[in-house]
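Peer 1: What follows is a structure written as structure tokens; I'll ask about it next.
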Amino acid sequence: MTYKQEIARRRTFGIISHPDAGKTTLTEKLLLFGGAIQEAGAVKNNKIKKTATSDFMEIERQRGISVATSVLAFIYKDKKINILDTPGHKDFAEDTFRTLTAVDSVIVVIDVAKGVEEQTVKLVEVCRMRKIPMLVFINKMDREGQDAFDLLDELEQKLGLSVTPLSFPIGMGYDFKGIYNIYEKNINLFSGDSKKNIEQTIAFDDVTNPELDRIIGNKAAIELRDNLELVWGVYPEFDKDLYLKGDQQPVFFGSALNNFGVRELLDCFIQIAPTPRSKNAEERLVEANEKEMTGFVFKIHANMDPKHRDRLAFIKIVSGTFERNKPYLHVRQGKNLKFSSPNAFFAEKKEIVDISYPGDIVGLHDTGNFKIGDTLTEGETLHYKGIPSFSPEHFRYINNADPMKSKQLNKGIDQLMDEGVAQLFTLELNGRKVIGTVGALQFEVIQYRLEHEYGAKCSYENFNVYKACWVGTENRKSDEFKEFERVKQKFLAKDKRGQLVFLADSQFSLQMTQQKYPSVKLHFTSEFE
Ligand code: GDP
């Protein structure tokens, strides 16, 4: 296969959903189609149990699963499909945001009864801003849920999508008969038998055919005709270019648990979903089909075995081929590195590979060289964009609880921050360290891991912060800026990259600061123009 063909057959995507909508079940069915796994139950759910807050075994279990499911790859109809795992739990939202920088498209799973939920809103917003092509799968059609048109409205209103259904349900819940596949122009009848992998498909390009009444019953046939008329009257025709630009989102209906509508989704997906896309670096736009290898780190995972301090850095290949034992430039460190055992992923296993292509994810063993966002190239100085830090929600001072172990503590904090577990801010005034996290759970993860992996002990102290705001770099020499720096000294800190951050203690003080120092630009993410 030529290099171009290898790129053309790759589809790298993420599945996003609110917890419980059916992401794990859908992933599993997709893998079954690819023949990558043989039985149901093989894909582990990375959900956090409700009791997790104080259960350290749960944290370890969670980390183990998160290694196993980071990338699930399989081949289907000659396409190489890479699914990147995106934790649904809100405490790990940042991990998901970062993973979204490495996908070329996403599938959004919605529960037919619950409709659009909180986590979906946040994740879809990030995808919309980045113009990531999205496909929507409305799941659990075997259950009573909301009316299909109401759901489509909700997708438009709550998620700001421009949807067009590519399939339409016939009945629902107890009365669920199947699906009319608008994309393929056929009808799929639902048997409700989850063991049966292949449902009955009947080609049906003309729904006025009286045969339809015989197959699904007169009442259902009339309803379907009415519904389709409405669909064709109200929704625009599917336009692949609009989808690829992130301006239109096709919708499918089905039931992952019953393996219904999944094949249709997958068959359409491999036809329309983007091949590895070009990516913006600070310096220039990099195309997937360029010859030279470029890639970036979007995830770092610490080894589960505390005796081995090495980690696995996940690199998304943007262009060129990544080869074993070939030297690559680690741009931030300005040094060449060779990798003797790059890992590729297949289903839930990882194996050493000699060559990987754009769209692929490679896992590199790392002893502390990588940070999230690092770029590897064949010599060019490139910095990939799009891996911002967001303002954390919770802040605490972190103190050393064992003075004999301060070196271990600093190293531990450093490495955990590189992994992206949380963010570290160092106060300008006194050098005290403040940890910011998206969820309260991370504080316990950090404390536990510092002790078990680095032999260090920490304690926390409350620190009241409403939002961390990254300070714009313009006008730094102005009098207004100097006054801002002087008056707000107590609230200024540096993040890990040395960027200046204003830690506002309330919404009110943030507003007042913005009013008083209008030329000081405050941003809620670390990346701004
Ligand atoms: P995740 O949290 O999004 O990964 O959701 P899971 O895949 O773990 O599914 C959550 C629950 O919904 C599980 O109990 C599934 O068995 C169930 N579920 C998933 N898909 C369907 C479906 O199509 N119909 C029904 N009735 N239940 C489903």
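Cβ atoms here come from the backbone N, Cα and C positions, even for glycine.
Reproduced below are the annotations present in TrEMBL:
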type    : residues              : note
BINDING : 17-24, 85-89, 139-142 : GTP binding site
DOMAIN  : 8-277                 : domain 'Tr-type G'
Peer 1: Helix, strand or coil for Ser17 (GTP binding site)? Use DSSP.
Peer 2: strand
Peer 1: Just to be sure I understand the contacts, which binding-site residues have a Cβ under 6 angstroms from any atom of ligand 1? Candidates are Ser17, Asp20, Lys23, Thr86, Met141.
Peer 2: Ser17, Asp20, Lys23
Peer 1: Note the mean pLDDT of the domain 'Tr-type G' (8-277), expressed as a whole number.
Peer 2: 86
Peer 1: Tell me which residues of the chain lie with their Cβ under 8 angstroms from that of Thr86 (GTP binding site), as long as they are six or more apart in sequence?
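Peer 2: In sequence order, the residues whose Cβ lies under 8 Å from that of Thr86 (GTP binding site) (at least 6 apart) are Gly14, Ile15, Ile16, Lys23, Asp95, Thr96, Thr99, Leu100, Leu123.
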Peer 1: Can you count the other CB atoms that lie within 10 A of the CB of Met141 (GTP binding site)?
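Peer 2: So the number of other Cβ atoms within 10 Å of Met141 (GTP binding site) is 25.
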Peer 1: Let me check the 10 A CB neighbour count of Asp20 (GTP binding site). How many other CB atoms are there?
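Peer 2: By my count, 16.
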Peer 1: Taking the Cβ of Ser17 (GTP binding site) as the centre, count every other Cβ atom within 10 Å, in any protein chain shown.
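Peer 2: The answer is 24.
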Peer 1: Check the DSSP secondary structure of Met141 (GTP binding site), expressed as helix, strand or coil.
Peer 2: coil
